[in-house]
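Enquirer: When I checked TrEMBL for this same protein, it listed these features:
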type: SIGNAL; residues: 1-26; note: signal peptide
type: DOMAIN; residues: 52-110; note: domain 'Partial AB-hydrolase lipase'
type: ACT_SITE; residues: Ser185; note: active site, nucleophile
type: ACT_SITE; residues: Asp355; note: active site, charge relay system
type: ACT_SITE; residues: His388; note: active site, charge relay system
Amino acid sequence: MAFSPTRLLSLVVFMVLVVEPHPAYGSSRGGWFGRNQGAATPLVNGICAASVTIHGYKCEEHQVKTQDGYILNMQRIPEGRIGGNSSGNKKQPVLIQHGVLVDGMTWLLNSPQQNLPMILADSGFDVWLANTRGTRFCRHHVSLHPSQPEFWDWSWDELVSYDLPAVFDFVFNHTAQKIHYIGHSLGTLIGLASFSEGHQEDQLKSAAFLSPIAYLTHMKTALGVVAARAFVGEITTLFGVAEFNPKGQQASIFLKALCNYPGVDCYDLVTAITGKNCCLNASTVDLFLQNEPQSTATKNMVHLAQTVRDGVIAKYNYGRPDYNLMHYGEARPPIYNISNIPKDLPIFISYGGQDALSDVQDVWQLLDNLKHHDVNKLSIQYIKDYAHADFIMGVNAKDIVYNQVVSFFKNQQ
């Protein structure tokens, strides 16, 4: 079966996990929502309108400004479809963070009975969806425009240092309660790194990491390894330190070249990149493939590639000791010490035996970093048949994973 470069790119993003926006999004790159940060405003063709309110749930659109000037879009599902709160207590907030090359819509592709945000809302939680800079509705800055290279001068370090603290502060200020965190894929990496540096210690109640990405040494995909090498090397010459637009011509040419590498099989990209997902609905996959992936910073892709190559969780490597010295005061990038995560933080980790991105051996290395964690505060779930995308879109994820997450959070009340 032959794929066009654009089709290949869409498949790759799906594999890298994630799921692009619903057709109801329209073709806009994102509209300006008003400059009153935090105001709950209607957003035409936004995530709320496209995939939440149509199912009978209340949903609010919010804007959050980071300390470095990016304007982020968030969604809030304050209650389930039945509404109300019979206990009279304030609902516990849950913040959900997506992976790379997608936004919060990735959690909402399945039906309300099968997607995590609505299951949490129906279970009595106050649900908040985060969206990172550069995605469809987060392409605004107080002084920069996406057409400027400076807008894209960031990696996942900035998601750790700016985006995550901004959304935590926003939710905490709105709810006055500590927050349960859920991350998938890159959302787990930025959570682990951020919590290891103590950024959210006073606002965090517990954390659930689904298909955790931390160490990537054993990633089982020839295409992924080749791509990682390319992003560390010639990719900066190809794209520059600016936007990595998967819909663009350069990215399509780049992917096509990768598929010509010896040992790289682009026939079944979904399985090749994410592993053999057991439980995806074909219509949900088709929904993803009907849409194009979203942009991120080329620098972010390079940083992820460095994580694969170097086998450590470290800040961005500028490639020269003098550049690193200028940014960090030392010749090599500082390491994120995962063992610094507070040992009494309740943590739930769920990983799959078929996951080609979050490989079992790499998860074991992550767990080794947590070996001194309070054993009563660490819950581990291993799902033999699950691969990377099953955790987001698996038709049985509610029974296998999400019910466990709900129970874990309720046990922390």
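Cβ coordinates come from backbone N, Cα and C, glycine included.
Quick caveat, the model's predicted, so the values are computed rather than measured.
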Enquirer: At the Cα level, what's the spacing in Å between Ser185 (active site, nucleophile) and Asp355 (active site, charge relay system), rounded?
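Expert: So the alpha carbons of Ser185 (active site, nucleophile) and Asp355 (active site, charge relay system) sit roughly 11 Å from each other.
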Enquirer: So for Ser185 (active site, nucleophile), how many other CB atoms are inside 10 Å of its CB?
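Expert: By my count, 29.
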Enquirer: Quick check for the class: what is the C-alpha distance, in angstrom and rounded, between His388 (active site, charge relay system) and Asp355 (active site, charge relay system)?
Expert: 5
Enquirer: Below 8 Å Cβ to Cβ and six or more residues apart, same chain only. Which residues does that give for Asp355 (active site, charge relay system)?
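Expert: The answer is Ser211, Thr274, Gly275, Tyr386, Ala387, His388.
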Enquirer: Count up the helix, strand and coil residues in the domain 'Partial AB-hydrolase lipase' (52-110) according to DSSP, in that order.
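Expert: Counting residues by DSSP class gives 7 helix, 19 strand, 33 coil.
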Enquirer: Averaging the per-residue pLDDT over the domain 'Partial AB-hydrolase lipase' (52-110), what integer do you get?
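Expert: It averages 90.
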